[in-house]
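These features come from TrEMBL:
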- 15-207: domain 'Cation efflux protein transmembrane' (DOMAIN)
- 212-289: domain 'Cation efflux protein cytoplasmic' (DOMAIN)
- 16-34: transmembrane segment (TRANSMEM)
- 82-107: transmembrane segment (TRANSMEM)
- 113-132: transmembrane segment (TRANSMEM)
- 182-200: transmembrane segment (TRANSMEM)
Amino acid sequence: MEVSERIIIGNKISKITIVANIGLSILKILTGVFGRSSALIADGMHSFSDILSTVVVMLGLKLSEKPADESHPYGHERIEPALTKILAVILLVTALMIFYCGLTTIIGGNYQIPGNITIIAALISIFTKEWMYKYTKKGADRIESSALLADAWHHRSDAFSSVGTLIGVVGAKLGYPILDPIASIVISLFIAKMAFEIYFKALNQLLDRAADSKTIEEIKKIILSVDGVLEIDVLKTRIHSNKIYVDVEISVDKDLSLIEAHNISENVHSQIERKLKRVKHCMVHVNPYLK
């Protein structure tokens, strides 16, 4: 996929979700205030944090697609997972704030019975957020963006937290007002879990972690299908943001000329980069087959 197309698709998705999140956060916070639901207010804060995270996604997409230069010969793709870590921290701070509000309400014993309107707001949030998750994840898979995928899971976590909000609100109206702040705390723990998962996934993209086993098997099949390759001596892969670097050593007939061996290595190189779009570069070293 062309760089410009990747940015256009990512920005379109991000702009739509920003508008939706602004509407949802205003709806839930105001409804929570006037409907006396701490869980719904917490849910609204979660939606507001999603706006910030989506802005980070847009920034990451733009900066990561900058071409390689003299000071960054391998490109700028790692900006995206670096900013994804910031996104995860924003999410964790939101979780801590929600946890604090719920805990202080329980300790203070200042319970309130939420109004009927809070149930409607929670239902609207659940359905809207689930749609946003599916829409964003589809785009993330298409452009292979870790930051956009993290943003998609933000939307789903918000949908799940809205389910918790609904349970807390209904429970409070049935005579168990403590369920509302308890729901806030449960929501905060779920958000914190997502924050840690997103953070460590982004961290792995910065630590040259190997590609998954399925991708490695695909690479092996491509290499061995090239005419002249007798054996794979060494195969190493490393994840570079949403891209993959491949380093491979192959064995060829020891009696081949240098030109013939070079042509085989070039064929391996081009086949891998052509058939696997995630591979940014493949380095091939040729060894004489001595067995």
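Every residue gets a Cβ built from N, Cα and C, even glycine.
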Long-range neighbours of the transmembrane segment (182-200), counting only residues six or more past its ends (CB under 8 A):
38-39, 42-43, 46, 84-85, 87-89, 91-92, 94-99, 101-103, 105-106, 150, 153-154, 157, 160-161, 164-165, 167-169, 171
Could you pull the average pLDDT for the domain 'Cation efflux protein cytoplasmic' (212-289)?
93
Tertiary contacts of the transmembrane segment (113-132) (same chain, 6+ residues out, Cβ under 8 Å):
17, 20-21, 24, 27-28, 31-32, 34-37, 39-40, 43, 47, 152, 155-156, 158-159, 162-163, 165-166, 169-170, 172-173, 177, 180
Using DSSP, what's the helix, strand and coil tally for the domain 'Cation efflux protein cytoplasmic' (212-289)?
31 helix, 32 strand, 15 coil
